[in-house]
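Q: Below you'll find the structure I mean.
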Amino acid sequence: MKTLLLTLVVVTIVCLDLGNSLKCYVSREGETQTCPEGEKLCEKYAVSYFHDGRWRYRYECTSACHRGPYNVCCSTDLCNK
């Protein structure tokens, strides 16, 4: 009985920890970050346009995403590539 109780406690702790560990890309080079509490979305959004036709993007964890035709807003690990 004690083993079952201990197992349930461990599973609960692991599940609670997984709920707060969203990971997002924070750079074009592939650097990642575990998002702070309250920021449950990953985002990639266009911040400027280069003369050669390319967009410059910003990658981050966020609580609310920017709107735009070239932006990505998602809620799973490493989804904002």
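Glycine residues also receive a Cβ, built from the backbone N, Cα and C atoms like all the rest.
OK, Swiss-Prot features for this one:
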- Cys24-Cys42: disulfide bond (DISULFID)
- Cys35-Cys61: disulfide bond (DISULFID)
- Cys65-Cys73: disulfide bond (DISULFID)
- Cys74-Cys79: disulfide bond (DISULFID)
- 1-21: signal peptide (SIGNAL)
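Let's see these features in context: how buried, what's close, how far.
A: Residues within less than 8 Å, Cβ to Cβ, of Cys24 (disulfide bond) and separated from it by at least 6 positions along the same chain comprise Thr32, Gln33, Cys35, Cys42, Glu43, Tyr59, Glu60, Cys61, Asp77, Leu78, Cys79, Asn80.
The 10 Å shell around the Cβ of Cys61 (disulfide bond) contains 21 further Cβ atoms across the protein chains shown.
All chains included, 18 other C-beta atoms sit within 10 angstroms of the C-beta of Cys65 (disulfide bond).
Cys79 (disulfide bond) counts 17 other C-beta atoms within 10 Å of its own C-beta, drawing on all protein chains shown.
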Q: Including all protein chains displayed, how many Cβ atoms other than that of Cys35 (disulfide bond) lie within 10 Å of its Cβ?
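A: So the number of other Cβ atoms within 10 Å of Cys35 (disulfide bond) is 21.
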Q: Does DSSP give Cys35 (disulfide bond) helix, strand or coil?
A: coil
